[in-house]
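Enquirer: Taken from TrEMBL, the feature signal peptide applies to 1-27. The region 'Disordered' annotation in TrEMBL covers 37-57. Look at TrEMBL and you will find 39-55 tagged as compositional bias 'Low complexity'. Marked as domain 'Trichome birefringence-like N-terminal' by TrEMBL: 62-115. Annotation source TrEMBL lists domain 'Trichome birefringence-like C-terminal' at 116-394.
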């Protein structure tokens, strides 16, 4: 059985629960979003349970890949940044920039009713030989892209490689295997154009970005964090929807419109018999300890000083993160041939200990003692994105 056929069968099995849900209309989704905006989350963990028959050795029951717990494992981490020189950037290399604890590196994701297969970089190279892989989205996508490169290089250290960094496109090549692995920065996925000196976010246009994605054999998309930015961090001056321009609008509605533009592009431009498409669900931030309540081990105002995952049966997903994730899920439900949801929101919400905090290479001196300088959005490498890629590897090949 060739690789693409094998992937297609896995995709069918994996998507059955998704396809069985009723598909709401676009207008119903927008009304639902408006009703949810500002309300508390009423979701239960069952909403996140993506189960599929498992083909992992030694497992005979139904496997829920994205439900489970974090267990301590002294065999972790799976690599060191030295295994992939010049790949892990300063903002993710927490040990290099002085993080004093290392226990956060020693956790393995344990799904319900099954075990994840060991990531084998040599196998990945053989199965993906001659193919092009594209991550497209914001810096969480870059976090995952760098993680995957390091996971592969640690298993195949003698492989010739080549890195080219740029904006919006950065590319890493495994020369002996003809594999191109790229990251394309597109925080909103849809286009932003300069019009009369203004940055215009065009919710119904995507071709400017999408031209770079068209020929990939494996596509992994993400968006989310930039939709919440305000003030100096906001990524636009105006939003264009149809023939109208807005200084701002309901962020959930704007994100839904942009994702429907993305979904239409995927369904009309991507040959799904050749190209596999994934969407990474929302990667949570840990800026507010009330999200994990009494589990805060440091008493800090955010992820600063956190050294252990959240424990217990609860999944501490904030209402805002849950609403962002719901937008993605509802858009995928509306697709005729949905992208595969890499549903990492719950398992990531437990890892309040996994962020760079002040150990990102971007903070120094007296600022290291300031919690307000913490990065509680991205993730240390090695770290949590390695698990995202283990899940990707599992879905692709098992």
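Keep in mind that glycine also has a Cβ here, set from the backbone N, Cα and C atoms.
How buried are these features, and what lies next to them?
Expert: Sorting the domain 'Trichome birefringence-like N-terminal' (62-115) by DSSP state (H, G, I as helix; E, B as strand; all else coil) yields 7 helix, 17 strand, 30 coil.
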Enquirer: State the mean pLDDT for the domain 'Trichome birefringence-like N-terminal' (62-115).
Expert: 94
